[in-house]
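Novice: From TrEMBL, here are the annotated features:
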- B:22-218: domain 'ABC transmembrane type-1' (DOMAIN)
- B:20-43: transmembrane segment (TRANSMEM)
- B:64-85: transmembrane segment (TRANSMEM)
- B:97-117: transmembrane segment (TRANSMEM)
- B:195-216: transmembrane segment (TRANSMEM)
Amino acid sequence: MVDISAAPPAPTGTTTDALVELRGVDKHFGALHVLQNIDLTVRRGEVVVIIGPSGSGKSTLCRTINRLETIDSGTIVLDGVPLPAEGRALARLRADVGMVFQSFNLFAHKTVLDNVVLGQVKAKGVKPAKAKEIALALLDRVGVRNQADKLPAQLSGGQQQRVAIARALAMQPKVMLFDEPTSALDPEMINEVLDVMVGLAKDGMTMIVVTHEMGFARRAANRVVFMDGGQIVEESDPETFFTAPKSERARDFLSKILTH
Amino acid sequence: MDDGYFQQFLSLFDEFDVPAAFWVNIQLTFFAGILALILGTVLATMRISPVPSLRWAGSTYVTLLRNTPLTIIMVFCVLGLWGQLGVTLSPDFQTNFFRLAVVGLTVYHAAFVCEALRSGVNTVPVGQAEAARAIGLSFWPAARLIILPQAFRGSVAPLGNVLIALTKNSTVAAAASVAEASGLMRTMIEFRPDVILAIFLTFAFGFVLIVVPIGLATTALSRRLAVAR
Ligand SMILES: Nc1ncnc2c1ncn2[C@@H]1O[C@H](COP(=O)(O)OP(=O)(O)OP(=O)(O)O)[C@@H](O)[C@H]1O
Ligand SMILES: [Mg+2]
């Protein structure tokens, strides 16, 4: 039996319920203060949706959590362990954080199957036969097993994104980050990806999702975090956020995306 | 031109072994090509590495070697490496010069291979490296498994141009006393100035015959290997 459940692995760090903890995180791009004193705690099994206007720092926040971006000050703790600065420890820790990109970023010269096998074998030392078994089970789960031998460019956007989710899951991450996973997709493909994500959430995966898909937020999120100008302006449960936002900035933002 | 001219010209091939001389150029190109590809890949990896000192060493090498005339590098290999420093790559006199010439061609063209590969690296979207890092690959595995394979496939055409330049530049090995085609041409002209035009055309045509297929092959290959995105 291959265990492909998304149930989070047993805690390895402290006994607290917090899986991802950002404390006083600051980040500049030159003179631009993109993340301003960010405090955010994501509990084990929680699904957090990050929403906010373009340029508010959502992607940057996501990317700091697996250190694709460095931070200027503050701390980021993952399952009780502070993010290492560089080297092998960082690479190992990155494998614990699954990342799904807006533009899929599947390895263009590798087949779908190899995309899902590669990280397991090269970063985690899983035996190739075992890795292939796990990969096929995961591709089955996201509904693209019959595409296993194709190259990414031969797949539709929705299929590619589901492969990207399978690739991230293959590393058995503790938390999954999604940066606008459906905004590069044609409308008819958005739901096939969101359905996979909702399934993951139901299985107990800890998820941080940057998205403007309110349907997803309502169906799957425990919490909505609203960002603007590099700050977290407001946090609440999805229903409250969408029906009765507290801040003027959130109201303003929602009125804009709702009229579209 | 009377009938005798053509006879005169043909008799050259009895006196001088033209194919053997071209064969030396092909061998020089072959060995220097493989070695330059290896060294150039190492240099390109250094230039994209996260280690500043490696990046500096890589770019310094490229700047120095790319801007030095090949003839000077070749003369240095013979007079400097062998004559002054006593570097001997083979006990056999001829083989030694051949190998020194291969070294000269290699170190020079590796700089161009490096730049061709770097142009290939630029065809690989930054998202590929980010995805590799995100699944926990550190720099070297990410470069070896994800970036360089795509960079090679994206730089077949510029690498083909380097190979064409190398084929023609192999004539500079004459400066290292290697008996190759251009050297033979000079000898033949010296002995048979009466058919100088025919001699010149023979050698020009010989190189065209070698170089044109390389160009056709690399163009076809670059289309076939292009990474679909
Ligand atoms: N590598 C970079 N260098 C300089 N500035 C950057 C860089 N990446 C992002 N920025 C800037 O930082 C700010 C925040 O960017 P970020 O991508 O995090 O916003 P976002 O909330 O994800 O926006 P969007 O909804 O458009 O994706 C923007 O003003 C952006 O222009
Ligand atoms: Mg973004």
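Every residue, even glycine, has its Cβ placed from backbone N, Cα and C.
Just so you know, TrEMBL annotations are computer predictions that nobody has curated.
Looking at the shown structure, what environment does each listed feature sit in?
Specialist: Residues 24, 27-29, 31-33, 35-37, 39-41, 43-44, 47, 58, 61-62, 65-66, 68, 70, 73-74, 76-78, 81-82, 87, 89-90, 148, 151-152, 155, 158-159, 161-162, 165-166, 169-170, 172-173, 176-178 of the same chain lie 6 or more positions beyond the ends of the transmembrane segment (B:97-117) yet place their CB under 8 Å from a CB of it.
Remote same-chain residues near the transmembrane segment (B:195-216) are listed as 5, 8-9, 12, 18, 22, 25-26, 160, 163-164, 167-168, 181-182, 185, 188-189 (criterion: CB distance under 8 Å, separation of at least six residues from the stretch ends).
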Novice: For the transmembrane segment (B:64-85), find every same-chain residue at least 6 residues outside the stretch whose CB is under 8 Å from a CB in it, and list them.
Specialist: 96-97, 100-101, 103-105, 107-108, 110-112, 115, 169, 172-173, 175-177
